[in-house]
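Student: This is the feature table in TrEMBL:
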type	residues	note
COMPBIAS	337-346	compositional bias 'Basic and acidic residues'
COMPBIAS	347-362	compositional bias 'Polar residues'
REGION	337-362	region 'Disordered'
TRANSMEM	45-63	transmembrane segment
TRANSMEM	83-105	transmembrane segment
TRANSMEM	112-134	transmembrane segment
TRANSMEM	140-163	transmembrane segment
TRANSMEM	175-196	transmembrane segment
TRANSMEM	208-230	transmembrane segment
TRANSMEM	242-263	transmembrane segment
TRANSMEM	306-326	transmembrane segment
Amino acid sequence: MQRYLFSQQFNYSSLAENSTACPANATICDGTSCVSSEDNFNETLSVVLSTVLTILLALVMFSMGCNVEIKNFLGHIKRPWGIFVGFLCQFGIMPLTAFLLSLAFNILPIQAVVVLIMGCCPGGTASNIIAYWVDGDMDLSISMTTCSTLLAMGMMPLCLFIYTKMWTDSDAIVLPYDSIGTSLVALVVPVSFGIFVNHKWPDKAKVILKIGSIVGGILIVVTAVVGGILYKGSWIISPKLWIIGTIFPAAGYSLGFLLARIAGLSWHRCRTVSLETGMQNTQLCSTIVQLSFTPEQLELMFTFPLIYSIFQLVFALLILGGYRLYRRRHVKTKTDVEKTEQKEDSVSNAKINGGFVSSETK
């Protein structure tokens, strides 16, 4: 979690004459702008919430696994065209987009680096939850998240080496391989249990899936709100980063969908690839940033991962709302199909038998 609260302004008139403009626990002072360490309450609250959210996320991923069939999942692994398209989006489109946005907005080198770190991160688990709600291919979604997290151990250093040369030495960026490994385990283990439950008890799996999908949706919103509250002192950063944080996830969703469609994937898989591309593992990005930079540097760009996570959620909800509206207006539900088939069968039988058609089927 964040170790510093930035740019806290203090009123000279409220301080005693012999006191300084900054509090005693401030680590960096520049006039009335200070960087101070978190208080114990915030630190304790962060630990508690992190523990609770981690447990809830594991339960949600368990429920998502209840929608995965072993045969289909292994099919994606054996014929990984969809995974390969997702790989191109994740470690091709996103880092390149981050690089171009950094150049276009001419941001500071240290800010460009954090944008690139975000672009090089693997997909986040939130994409699996949204993919379920937009009728995506859950087998593909989970296999893509798993593979991108695994491949991130090699692809992140490579991408950062290629794209950060003009701004900083890539050796200065610390990649927390333990955090990546933890994310992988936290994804694979609960999903594996969910797949097993779906294989053994498919009826119970459906109930677990419905509950988990609702809890997952709530969890995504709560995580964004909690982040905003805990880091409320970090919102004073460059307007350019706000703009990039808005454009970047939207570009990821759009370009991911476009490339998947060009690659010939079906519509529901295009939606899946789109979400996997735009929704990044922002927690991993925050961890890398904290490990790699000094407090002075953090003041310029630490909030960017949080900004990105908020706007990736906003656009994901817009995609979900648009899809649900389209489905309600243009796609027949299962009940509608059954009624139509029943009506057609009744009319057909009436013609064959010379009988009448019930008013219930008219």
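From the backbone N, Cα and C atoms, a Cβ is placed for every residue, glycine too.
What's the neighbourhood like for these features in this structure?
Tutor: Long-range contacts of the transmembrane segment (112-134) within its own chain (CB-CB distance under 8 A, at least 6 residues past either end) are made by residues 57, 60-61, 64, 67, 86, 90-91, 94-99, 101-102, 141-142, 144-145, 148-149, 151-152, 155-156, 159-160, 163-164, 167-168, 173, 180, 183, 187, 209, 213, 216-217, 219-220, 241, 244, 248, 271-272, 275-285, 288-289, 301-302, 304-305, 308, 312-313, 316, 319-320, 323-324.
Long-range contacts of the transmembrane segment (175-196) within its own chain (CB-CB distance under 8 A, at least 6 residues past either end) are made by residues 54, 57-59, 61-70, 73, 122, 125, 142, 145-146, 149-150, 152-153, 156-157, 160, 205, 208, 281, 283-284, 287-288, 291.
Same-chain residues lying 6 or more positions outside the transmembrane segment (306-326) and placing a CB less than 8 Å from one of its CB atoms are 118, 126, 130, 133-135, 220-221, 223-224, 227-228, 231, 234, 241-242, 245-246, 248-250, 252-253, 271, 274-275, 278-280, 282, 285-286.
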Student: Same chain only, please: residues at least 6 beyond the ends of the transmembrane segment (83-105) with a C-beta under 8 Å from a C-beta of the stretch. Say none if there are none.
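Tutor: Contacts of the transmembrane segment (83-105) (Cβ under 8 Å, skipping residues fewer than 6 from its ends): 76-77, 111-112, 115-116, 118-120, 122-123, 140, 143-144, 147-148, 151, 155, 159, 162-163, 167, 240, 243-244, 247-248, 251-252, 255-256, 259-260, 263, 265, 273, 276-277, 280.
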